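Working notes, structure below.
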């Protein structure tokens, strides 16, 4: 295995974009990222909506992904250090190097369904549910190139528990950065829809 393949392919134009429920503006502050491709981040820690609603928000978009692993029940103090996209990416990198998370996921594919209720990850026959992430418990979603040179991307979710006392990180592998960005976009639309519907 290419453990030493963690060297990132350098690019003369490392770009990044941040998708936020507050704003859809491009944030180039992540330009120093040692990744060869775009990083997209969804910051859901917001109380404002961009005002864009989607009449199809009740539908569930489905994506085929693989499950890399999770780091669960991080203390509040640890979670506070994972505010930005780069914080999450660096934390996952270190966890992989320390053996807490694998570099490559098992071969089994799962179905990730994204709707206004949140995210559901189930087996490919959709008979068993692996994870459920309620929309209101999702704090941030980040997608980025895994750096292994196979064109795969990682999708990382930061969630909290109902009492807001602990954080967890969930890592999934997508077939491409485009697929990962599509998941971020659907989730962003779901947040917009819910926040818009809550307005008086």
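Using N, Cα and C of the backbone, Cβ positions are placed for all residues, glycine too.
According to Swiss-Prot, the protein carries these features:
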{"type": "REGION", "residues": "1-57", "note": "region 'Disordered'"}
{"type": "COMPBIAS", "residues": "1-10", "note": "compositional bias 'Basic residues'"}
{"type": "COMPBIAS", "residues": "11-29", "note": "compositional bias 'Low complexity'"}
{"type": "COMPBIAS", "residues": "34-43", "note": "compositional bias 'Polar residues'"}
{"type": "MOD_RES", "residues": "38", "note": "phosphothreonine"}
{"type": "MOD_RES", "residues": "41", "note": "phosphoserine"}
{"type": "COMPBIAS", "residues": "47-57", "note": "compositional bias 'Low complexity'"}
{"type": "DOMAIN", "residues": "58-200", "note": "domain 'PID'"}
{"type": "REGION", "residues": "136-139", "note": "region 'Interaction with KRIT1'"}
Secondary structure composition of the domain 'PID' (58-200) [DSSP: H/G/I, E/B, coil]: 42 helix, 59 strand, 42 coil
Across the region 'Interaction with KRIT1' (136-139), average pLDDT on the 0 to 100 scale: 87
